[in-house]
Amino acid sequence: MLGTTIREVSLALREGRLSATELCKKCLKRIKKTHYLNSFITVTEELAMKQAQEAEHRLLRGKPHGPLDGVPFSVKDNFCTENIETTCASHMLKGYCPPFNATVVQKLLDQGAVLVGKTNLDEFAMGSGSTDSVFGPARNPWSYTSSYREQSPEQDPDSDWVITGGSSGGSAAAVASLSSFMALGSDTGGSTRNPGSLCGVVALKPTYGLLSRHGLIPLVNSMDVPGIITRSVQDAATVLGVLQGRDEKDSTTVQFPNLATSLPEDFDIRDICVGIPKEYHAPGLSAETLTQWGRVASMFERAGAKVREVSLPHTQHSIVCYHVLCCAEVASNMARFDGLEYGHRSAVESSTEALYATTRHEGFNHVVRTRILSGNYFLLKQNYDRYFVKAQQIRRLIAEDFRRVFQSGVDVLLTPTTLSDAARYSDFIQEDNRTRSAQEDIFTQPVNMAGLPAVSVPTALSSRGLPLGLQLIGQSFQDMKMLTVAYWMEQQLGFPIIRFHDAAERNTDERDQGEECKLRS
Amino acid sequence: MFHPSSDRWSRLIYLSAVNIQKSLLLARISTQNYRETAARCKCSATARSLHTTAPLRPAEPRCGVSELHAHGVRTAGRRAVRCRLESSRSSSSSSSHNSKVPQFPTWEPVAESQLPPPTKVSLDLVDKLERLALVDFGNQEGIVCLEKAIRFADQLHVVDTDGVEPMDSVLEDRALYLREDTVTEGDRAEELLQLSKNTVEDYFVAPPGKNKAKCNV
C-alpha cells in the first residue's frame, strides 16, 4: 500500500477502502523502521495523526479538499513550518521554530495533506550528497535493496551504503523508502533532481516564478525554487497543479495566464521534437548513463518523435558561473544570521562584531563559511566586475543558448541528470564539498541559471543495482507539457519498484503488495 | 602545455592499442570487478584526459583547475582500453548506439596559460574579508580553500562577453506584481521576540559596537 502512487491511494481513501489514520500510522511506522536511513530530522507524529483524523472526518462525509486530502507528505528542513523546528541541518537554527508556514507547505496543508516530518539535507542546502548535515548523512534506501546487496562484495551494509545525493537527500529518501507519498525539496543548482535521480524517484524543478519561495530559507534568490519529489510523473503534475500560482508574499512569483493544472489528455508523441545537447556529454559521464541516454533517445525516435542533436555552447562554463553567483548571493543571504533576532547566539558579549563573528563561527559549518568568504571576495570592489558581473554576463549567454534552441523548434531537451549512479559514502567523502558540487551539478545547474523547468525521470538500474535517471528540460512555464513527455517516457521505461533485501522488510513488502493489489482492483 | 598535434597521435596510438589488446583483455574483464566506484572514477578520469586532452573540472583531489600534464600513453592506454571496453560491453548488451547522442565528451580543455596568474590571498585580504563577512577563516586550510575557489572562478575569463548585458534575473522581461500599499498583517511583536535569546521589553539586546566597547570605562 505504501508503494502506490498518490492517485491510487487518494482514490482508495475517497472510496473508503482505506482510512486516512490507518495510512498515516503505516507511514509513521515505516519511518521508524527505516530510521537508519537518517532521512528525517523531525518526525511530527502527533500533528500528523491529528491531521489524518481531520482528513478522515472529511472523507467519511464525502467532502475531501481535493486529490491530496489525507495523503502523507514530508518537507525538506529549510522550509518554515509553524511551531515545528526548522533547522536547515545547521547549529545556527537548532531549536528555531518559525511562527509561520511557508506558502507551499500551507497550500498542501490546506488541501488536507498530512505532514509526517521534516527531512535531512546538506547544511543550508549547500552540497550534492546530503552528507554535510549536523544530524549526520542521509543514506540511500537503495543501499538496502536486493538489487544492490546481492551483487555487493561487502556483507555489512553499514560499510558500503551509498549516498542519496543532495541537497534534498532526505526528501528523496523519504519518498523512495515509501515513508511519504510526496516530498518538498528545494532546487538551486540541482538539489532536487540530483537526489531524485540517485534515489530512483521523479524529481521536478518547476519554472522559476511558478511556485512561491515565501518561507523557503533562501540560498540564491535568483535561482531557488521549491522542488517536488514523487514516485510517479502523474503525481508530480497533481502536486504542481496545487502549488503553482502567484503569491502576494513573494513578488517574484508570476501569474501566468491559462496555466494548465493537469496533464493534457490528447497527446501525440509524434508532435514532439526532442533535442540532445551535445555538450551534455561531459568528461566523467559513466558508460551506463551514456547507454541509457542513447536508449531513451532511440525510444523517442522509434515512436515517431523527432530527435535531433543541438548545441548549447556555453554549457561547460556554466558550473563556474554558478559557483561565483551562488557564493555571491549566499554571502548576502547568510548575513541575516547574526544571533540577535533568532537562531543560535554565542555567549561572547564584548562587542557586536565579536558576537556576530563567534555566533557565525559556532553556527555555520566549514562549507557555509567558505562560501560566504568566497562570495565576499567576488563582491569586493576590485573584483566585482571581473567576477560577479562577468558571471552575470555568462549567465545571459547560457540563457540565450537555451532560448535559441527552443526557438528553433525543439520542445524538450533530453540529458543525463547525474554523471553516474550513487557513489559509496566512503568514496564520496574523499573529495571536499566544493569539488563534489562542481562535479555533480554540471547537468542540473544550467537549468537554474536560465530559470527553466526540468524533471528527472527514473530510467533503469545500473549494473550495481542502483537507479539511473535522465533529465528532461522544458520551456519556461511549459511545465505541464514537459511533464506530459516525461509521463510518456515513464510509461515506456517501466522502472522497477524498490524491493528491500532484509527478510523482515521483504515480508512487509509482500504483505503490502497484497494490499496494493486489493487497492488497485 | 599539451599540443593539439600530440593529442591526435595519442588517440591514434590508443586506438590501435584497442584493436591489438581487445581479445586479450576480454578474457581478463570477465573476472574483474568494474563496479568499484573509486576505480571507475579513476578510470573515467584517465579516459577523460585522453579524449579531451585535459578535463576542465577538477580531476585530482583538491585542485581548482586541472593540471595539464601529458599522461604516459602506454599506461593510460591500457586503462583507457578497459573503459572503452566497458562502455562497448554495456552498449552491445542493449540496442545499438543512437547517433544523435555524442559518444565522446565534447568539452574543450582550458589551458593554464589562458588563465590569469593564480591569486595568493594576503594577510591583509584575510583581515578585510573576515571583517566584511564576519566569518573567520579558521586556519591556513581555510585560506587554501578560498584560493582554490578563486582559481576555479578564474575560468570565467576564457569566455568572450564583449557587449553582453549582465543578467540579474530570469524574470527581467516581466513587470513584477505590486500589491496595494496597505497593511494586511502584523501585530506579532510578542511572537517574534520570543524567537530571540536576549530581549528586553520590545527590544532585541545587542552588545555595543567595537569602538564604543573600547571607549567604555
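Any Cβ shown, glycine's included, is placed from N, Cα and C.
Automatic prediction, not curation, is the source of TrEMBL annotations.
Non-local neighbourhood of A:LYS76 (active site, charge relay system): A:LYS118, A:THR119, A:LEU121, A:ALA125, A:SER168, A:GLY170, A:SER171, A:ALA183, A:LEU184, A:GLY185, A:SER186, each in the same chain, at least six residues away, with C-beta under 8 Å from its C-beta. The active site, charge relay system annotation in TrEMBL covers A:LYS76 (among others).
Within the same chain, residues at least 6 positions away in sequence whose Cβ sits under 8 Å from that of A:SER167 (active site, charge relay system) are A:LEU121, A:ASP122, A:ALA125, A:MET126, A:GLY127, A:SER128, A:SER130, A:SER186, A:SER191, A:PRO195. The feature active site, charge relay system is assigned by TrEMBL to A:SER167 (among others).
Reduced to three states, the DSSP call for A:SER191 (active site, acyl-ester intermediate) is coil. Neighbours of A:SER191 (active site, acyl-ester intermediate), defined as other CB atoms within 10 A of its CB across all chains, total 38. Annotation source TrEMBL lists active site, acyl-ester intermediate at A:SER191.
Across the domain 'Amidase' (A:22-482), the prediction's mean pLDDT works out to 95. The domain 'Amidase' annotation in TrEMBL covers A:22-482.
Summarising the annotation, TrEMBL assigns region 'Disordered' to A:145-164. Non-local neighbours of the region 'Disordered' (A:145-164) in the same chain are 39, 129-131, 137-139, 170, 172-173, 195, 198-199, 421-426, 428, 461, 463-466, 496, 498-501; each lies 6+ residues outside the stretch with a CB under 8 Å from one of its CB atoms.
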Exercise. When DSSP states are grouped into helix, strand and coil, how many residues of the region 'Disordered' (A:145-164) land in each?
Worked result: 8 helix, 3 strand, 9 coil
